[in-house]
């Protein structure tokens with residue numbers, strides 16, 4: 001950018017410097033000037049009004065281009081682009097001032113110099129147009145699409161319970177007002193859409209009430225209710241089984257306890273019976289020696305009496 005600015009400044013300076021006619025002209029030019037002095041003078045010194053008329057359309061074109069570019073540019077342009085535009089405007093002003101000064105001061109210049117100045121101005125404008133096109137900002141903000149805020153209603157204007165189809169139908173409803181009312185404002189469209197959606201909701205609610213088709217939520221609720229009933233029944237059967245097993249275990253334990261008690265009582269009775277028999281046997285053993293002694297004593301008495309009787313007989 002700096003190099004381009006320096007080049008434009010140099011071009012403006014060279015155009016502003018008056019060009020003096022060389023005295024050492026060729027012989028042919030001198031001959032032509034001597035033969036046709038008036039024609040050469042008019043050819044070398046054109047009317048300044050003609051120059052202004054020639055430069056006016058070019059200046060108008062350049063000003064129109066700058067105005068169009070300013071209208072197209074947005075406020076989100078970077079500082080570098082602003083600085084560049086300011087520099088280009090300053091250069092344009094300097095070039096126009098220099099061109100006017102050269103027109104006023106170079107009334108006696110050659111037509112070739114004017115042609116060179118015109119060519120330099122054209123090249124300057126062409127360079128400006130190229131630079132303006134290349135410096136166009138690339139990161140333009142996208143146009144914001146207005147989406148009206150509408151209260152959502154859980155009524156689906158489509159097949160069954162498909163949410164996607166209902167959303168598509170709603171999007172179609174959103175697009176219809178743009179086609180039917182091209183001159184309407186955003187507020188009118190939103191109010192119209194809200195009224196249409198509310199009317200559609202009131203129409204759809206009684207239809208949905210009249211329909212008795214089972215939905216996914218109903219089927220899910222029934223399945224969950226059936227599974228809960230099955231779980232409750234299984235829990236009840238399990239509890240009944242556990243109670244029965246517990247009763248059986250309690251009965252078995254009570255029977256075992258009663259059997260143990262009966263066996264203990266029988267063992268006690270048998271022990272008592274055996275002890276009684278043992279005591280009776282011991283008593284019998286104690287009585288027998290006494291009877292033997294008495295028998296012996298009786299036998300002794302009987303034998304003694306017999307002896308005494310026999311002795312008396314003798």
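Every residue gets a Cβ built from N, Cα and C, even glycine.
Copied over from Swiss-Prot, here are the features:
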MOD_RES   27  phosphoserine
REGION    41-290  region 'Disordered'
COMPBIAS  86-96  compositional bias 'Acidic residues'
COMPBIAS  104-115  compositional bias 'Acidic residues'
MOD_RES   108  phosphoserine
COMPBIAS  116-127  compositional bias 'Basic and acidic residues'
MOD_RES   117  phosphoserine
MOD_RES   129  phosphoserine
CARBOHYD  134  O-linked glycosylation site
CARBOHYD  138  O-linked glycosylation site
CARBOHYD  143  O-linked glycosylation site
CARBOHYD  147  O-linked glycosylation site
CARBOHYD  152  O-linked glycosylation site
MOD_RES   225  phosphotyrosine
CARBOHYD  234  O-linked glycosylation site
MOD_RES   237  phosphothreonine
COMPBIAS  249-260  compositional bias 'Basic and acidic residues'
MOD_RES   254  phosphoserine
COMPBIAS  268-290  compositional bias 'Basic and acidic residues'
MOD_RES   270  phosphoserine
MOD_RES   280  phosphoserine
MOD_RES   308  phosphoserine
CARBOHYD  308  O-linked glycosylation site
MOD_RES   310  phosphoserine
MOD_RES   311  phosphoserine
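On the structure: features taken from Swiss-Prot.
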{"residue": "234", "record": "O-linked glycosylation site", "contacts (Cβ under 8 Å, 6+ apart)": "none"}
{"residue": "237", "record": "phosphothreonine", "contacts (Cβ under 8 Å, 6+ apart)": "none"}
{"residue": "254", "record": "phosphoserine", "contacts (Cβ under 8 Å, 6+ apart)": "none"}
{"residue": "270", "record": "phosphoserine", "contacts (Cβ under 8 Å, 6+ apart)": "none"}
{"residue": "308", "record": "phosphoserine", "contacts (Cβ under 8 Å, 6+ apart)": "none"}
{"residue": "310", "record": "phosphoserine", "contacts (Cβ under 8 Å, 6+ apart)": "none"}
{"residue": "311", "record": "phosphoserine", "contacts (Cβ under 8 Å, 6+ apart)": "none"}
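Residue 254 (phosphoserine) falls within a helical segment according to DSSP.
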